[in-house]
Amino acid sequence: MAPPAKRARRGLVPPGYKYLGPGNSLDQGEPTNPSDAAAKEHDEAYAAYLRSGKNPYLYFSPADQRFIDQTKDAKDWGGKIGHYFFRAKKAIAPVLTDTPDHPSTSRPTKPTKRSKPPPHIFINLAKKKKAGAGQVKRDNLAPMSDGAVQPDGGQPAVRNERATGSGNGSGGGGGGGSGGVGISTGTFNNQTEFKFLENGWVEITANSSRLVHLNMPESENYRRVVVNNMDKTAVNGNMALDDIHAQIVTPWSLVDANAWGVWFNPGDWQLIVNTMSELHLVSFEQEIFNVVLKTVSESATQPPTKVYNNDLTASLMVALDSNNTMPFTPAAMRSETLGFYPWKPTIPTPWRYYFQWDRTLIPSHTGTSGTPTNIYHGTDPDDVQFYTIENSVPVHLLRTGDEFATGTFFFDCKPCRLTHTWQTNRALGLPPFLNSLPQSEGATNFGDIGVQQDKRRGVTQMGNTNYITEATIMRPAEVGYSAPYYSFEASTQGPFKTPIAAGRGGAQTYENQAADGDPRYAFGRQHGQKTTTTGETPERFTYIAHQDTGRYPEGDWIQNINFNLPVTNDNVLLPTDPIGGKTGINYTNIFNTYGPLTALNNVPPVYPNGQIWDKEFDTDLKPRLHVNAPFVCQNNCPGQLFVKVAPNLTNEYDPDASANMSRIVTYSDFWWKGKLVFKAKLRASHTWNPIQQMSINVDNQFNYVPSNIGGMKIVYEKSQLAPRKLY
């Protein structure tokens, strides 16, 4: 007889939990709630400390702080008790030092040695005080701030000894930061790690690194700029060319990594969409390191030559808007995120935001004289909102060798499906019983219900007939909805195209035609266009959503008749029929059946150019989804990261002389690194038949490898090829 299976140690765990309490083992299965999940992560971190020779029970550790942060909004009693227990421990226990900021839950974290510094560094280090020298040694041995938890106050971490006021900055003429000139302060990592967990879950850690080039701003001033292109829109029929708006142009730049192509290469994405059924967005962190600042001067010779010098006293200004004070400006909508190629330097986009500007546009038509009427109302004083980073967000000053880390942001988003649905209203529920089945193969041999339509049993909402058919049977809800198709609406700031949920809407499949609100992307060489392309014309593609919205815009129609009477022309409205005698305006332009019975899928992730997450609207009635990103952050989203080369003035600067400062031409190169963590569910096969998966043909294969002069491109990939039932 086999010995009984050894049971996992339960420890002192209260009822309803598996990990919240001391003495339990780490193999109790899936946590029961978010507090229990935080306790499991806390236990795994403690195990990592113990393996590295540290005793976390006697000290307050970063793992304790992380548990406090994760349970600060806990609704369950166990999470609340654990939260206040570790807050009490924080108040009385000494801090655990010389440990990783965030021990890995998958393997022990070991300090990593940096490259040996040049000899002159030791001369500078020898002059330091004993305490300062010890701190430098710890900084040189400590790993990067991967996994550092962003504190409640949202303050990032800056590794810069000058900020301590101890006079322990590294040598090098007043610059050099904590690492010093010649000492690397970080690692370059673009690997995607897949960690397979219990019950079909996978933890996906996407690492991304880029060399970022930043020039000093054209001006140090904020500017309010109005764009007026009435020369384009003054002609009848050119309303779609309207660009009139107002914006604030700032001296800052935005480091935006909110696009799928920043994080995953084409091979990674193929693996994800072929094997996973859904994605959960977990956490995000980023940092700046190995900052380099240089000045540019020109010689007086003819022709002049440029001279580049390291400036160890110049500064890079960095600001993290962790509280989302600034206007939210995702750069993916303009294809201005960080580049998609890890080996190619990239640039941050100049940061700007919209400013209130009212106007009225009355379009003209052939029956009127003159041009379209534009009435400018300007800015309403009641609506003025002018934001500046300098007095709204803490600004950190980095010099050569310094580094900056944001800490970890944890998302609160609904999951994103990697499967599509095909069922429309006609495929919901129990099909009719067939009295007659085909007796031979062939497409012309059909089944037959065999019962007269008015003799069948079932439920309809047709009050004037007893017919029960596939057209009249009552379904539980409405799959999809008819939406305004290619429609423009008016707002107080000008016309806009009505956003609609994308989905497979009919027979149109050409990439230059959006079948039913399918997004069309235009992008340049940093974001997928062939890298050896010449000229300014961007490359484009239309993402044809694979899922079915339940609607057929090209063949749609509306019928409103007495059901038991013959159909007349006046009782049916076709897509080509005009409304109110207006030629070309029909019900598909204005008809909307969205309502409380509507069932709708989320938008698909669009690789590589699509946006990943979006900010929730600050309105009382929230939209159920956003058409530009599958993940909508509840309450808050990751803070935007702004950078700017600080003014490097000359002795000729006179604040009263002109609007432009007398500045030394200065630019910065720095390394950016981020980590984006997902949890994914492995897709289980429940059908007998195999399914289509993301693949490429022989011709497309060579898009992903360079040519003899380095030319290559990224082709968009489908993300929801596997079908699923919705009912």
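The count begins at 1 with the first shown residue.
Cβ atoms are placed via backbone N, Cα and C, with glycine included.
As annotated by Swiss-Prot, compositional bias 'Basic residues' applies to 1-10.
The motif 'Nuclear localization signal' annotation in Swiss-Prot covers 4-13 and rests on sequence analysis.
According to DSSP, the region 'Phospholipase A2-like' (19-64) comprises 24 helix, 1 strand, 21 coil. According to Swiss-Prot, the region 'Phospholipase A2-like' annotation covers 19-64.
The compositional bias 'Polar residues' annotation in Swiss-Prot covers 25-35.
Over all protein chains present, the Cβ of N323 (Mg(2+) binding site) has 12 other Cβ atoms lying within 10 Å. DSSP assigns N323 (Mg(2+) binding site) to coil in the three-state reduction, placing it in neither a helix nor a strand. Swiss-Prot lists N323 with the feature Mg(2+) binding site.
Per Swiss-Prot, the feature disulfide bond maps to C633-C637. Classification of C633 (disulfide bond) by DSSP places it within a strand. The 10 Å shell around the Cβ of C633 (disulfide bond) contains 19 further Cβ atoms across the protein chains shown.
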C637 (disulfide bond) sits from N323 (Mg(2+) binding site) (Cα to Cα, rounded, in Å) at a distance of 9
Measure the Cβ-based neighbour count of C637 (disulfide bond), defined as the other Cβ atoms within 10 Å of its Cβ. 22
As a test of reading the model: what is the averaged pLDDT for the motif 'Nuclear localization signal' (4-13)? 57
